[in-house]
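> Just lifted these from TrEMBL, have a look:
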| type | residues | note |
| --- | --- | --- |
| DOMAIN | 4-226 | domain 'Orotidine 5'-phosphate decarboxylase' |
| BINDING | D10, K32, 59-68, T119, R181, Q190, 210-211 | substrate binding site |
| ACT_SITE | D59 | active site, for OMPdecase activity |
| ACT_SITE | K61 | active site, for OMPdecase activity |
| ACT_SITE | K61 | active site, proton donor |
| ACT_SITE | D64 | active site, for OMPdecase activity |
Amino acid sequence: MNQSVYLALDFPNWEETKHFLHTNQLAGVPVKVGMELFYREGPKIIEYLKQDNHAIFLDLKLHDIPTTVMKAMRNIAKLDVEIVNVHALGGAEMIKRAKEGLTVGNSGKTKLIAVTMLTSMDKQAMNTELHIPGEVDEKVSHFARFASSNGADGVVCSVHETERIKTECGMSFLTVTPGIRLDGTEDNDQKRIASPKFAKKQGTDYIVVGRSVTKAVNPKMAYERVVKEWDNGIIV
């Protein structure tokens, strides 16, 4: 089973999630569990998925005071997921304490990933709504360097920023890339998107695919197509 292609489980509850995975014979594929599903089902959703041998990216984007995040991560670590994330905007101390919580909870087995800039964010929104001047890719690079220097194992970023981050932070610094679309599918609310093949060529470590698979006529075939495109990409 390919361990680099995560499927976003954007469903409201476990029953719909289970039906989708079982109906489409997707047991064992790596999955991303976000706020909607986790806040409805709680930690038991992780237990259910692990019973079917799914690697799990727990996408909760923690952003709070350092002590609160540390304690939350200490509990999350006990779920034994592969990846969890925080917002880089939470600051240096928050990232350090998040890593501390994971280390105490499971010896740091779970990878800590920092969110740089959401893929729904473009330059205009960043400049006018957040009052952050400059270009998106410049800020993403800044947050990546910042996260790396404070203990994060990698960042969530657009495929278009991957190569630059690898150059600045080192090849072992992980990049997780959402906004992956198969040709012919809608972009929806993400602005900085790319194909699986292009993501692989840019050197990203993990990709996250959602609607291109979950809304496909044949989700299993669509997921296999994503994996095939990923596998056929050539790292430059």
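Even glycines carry a Cβ here, placed using N, Cα and C.
Automatic prediction, not curation, is the source of TrEMBL annotations.
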> If you run the three-state DSSP split on K61 (active site, for OMPdecase activity), which class comes out?
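In three-state terms, K61 (active site, for OMPdecase activity) counts as strand.
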> Which is it, of P66, G210: the one of these binding-site residues whose Cβ has the most other Cβ atoms within 10 Å?
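Most Cβ neighbours within 10 Å: G210.
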> Can you figure out which of D59, K61, D64 (the active-site residues) comes closest in space to G210 (substrate binding site), comparing Cα atoms?
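Closest by Cα: D59.
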> Give the number of CB atoms, excluding that of T119 (substrate binding site) itself, located within 10 Å of its CB.
25
> Sorry to bug you, but what's the C-alpha spacing from D59 (active site, for OMPdecase activity) to D10 (substrate binding site), rounded to the closest Å?
11
> Tell me which of the recorded positions D10, D59, D64 sits in the most Cβ-dense spot, judged by other Cβ atoms within 10 Å.
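Result of the Cβ crowding comparison: D59.
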> Could you measure between D64 (active site, for OMPdecase activity) and T119 (substrate binding site) for me? Cα positions, answer in whole angstrom.
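D64 (active site, for OMPdecase activity) to T119 (substrate binding site), Cα-Cα distance: 21 Å.
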> With every protein chain in view, how many other Cβ atoms are within 10 Å of the Cβ of L60 (substrate binding site)?
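Step by step: centre on the Cβ of L60 (substrate binding site), count other Cβ atoms within 10 Å, giving 15.
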> Around H63 (substrate binding site), how many other C-beta atoms are within 10 angstroms of its C-beta?
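For H63 (substrate binding site), the 10 Å Cβ neighbour count is 16.
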> On the 0 to 100 scale, where does the mean pLDDT of the domain 'Orotidine 5'-phosphate decarboxylase' (4-226) fall?
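The average pLDDT of the model in the domain 'Orotidine 5'-phosphate decarboxylase' (4-226) works out to 93.
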